[in-house]
Amino acid sequence: MGRVRTKTVKKAARVIIEKYYTRLGNDFHTNKRVCEEIAIIPSKNLRNKIAGYVTHLMKRIQRGPVRGISIKLQEEERERRDNYVPEVSALDQEIIEVDPDTKEMLKLLDFGSLSNLQVTQPTVGMNFKTPRGAV
């Protein structure tokens, strides 16, 4: 079992990453020097632990978003994804095939006026109510 990191190490590393993300990388030694320059860390041991956790978090950030850390670049990326508008709307197709239940739901949602809806009978799927052992 590995060592447990204290909340001091974790909080310090998160704050350092949020403020100085552009100066940090995947290399422990460069991160150690950056931590030494930007923060007053009382001991060498604590500095090394913080730099190690910063390096660990930087590797995780490259794979995807990390909980508890908000970086401007990630915020902008998330914003762009949320505001995405497709080139062609799903409703702009010539004919949209729907089953009768879906047609009723669309009518209740005031989408009954869509002219390109074509009601089709649902295809019968597998019958799951056969007794076990019957072939």
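Just so it is clear, glycine is given a Cβ too, placed from its N, Cα and C backbone atoms.
Predicted, not measured: the structure shown is a model, and the values here were computed from it.
Taken from Swiss-Prot, the feature SUMO2 cross-link covers Lys103, and the record attributes it to similarity to another entry. The Cβ of Lys103 (SUMO2 cross-link) has 17 neighbouring Cβ atoms from other residues within 10 Å, across all protein chains displayed. The DSSP secondary structure for Lys103 (SUMO2 cross-link) is helix.
If you look up Swiss-Prot, you'll see Lys103 marked as SUMO1 cross-link, on the strength of similarity to another entry.
Taking a C-beta cut-off of under 8 angstroms and a sequence separation of 6 or more, Lys19 (N6-succinyllysine) has the following same-chain neighbours: Ile38. DSSP assigns Lys19 (N6-succinyllysine) to a helix in the three-state reduction. Annotation comment: Swiss-Prot describes Lys19 as N6-succinyllysine, evidence class similarity to another entry.
Summarising the environment of Ser113 (phosphoserine), the number of other Cβ atoms within 10 Å of its Cβ, over all protein chains shown, is 8. Per Swiss-Prot, the feature phosphoserine maps to Ser113; the stated evidence is similarity to another entry.
The phosphothreonine annotation in Swiss-Prot covers Thr130.
Of the recorded residues, Ser113 (phosphoserine) and Lys103 (SUMO2 cross-link) place their C-alpha atoms 11 Å from one another.
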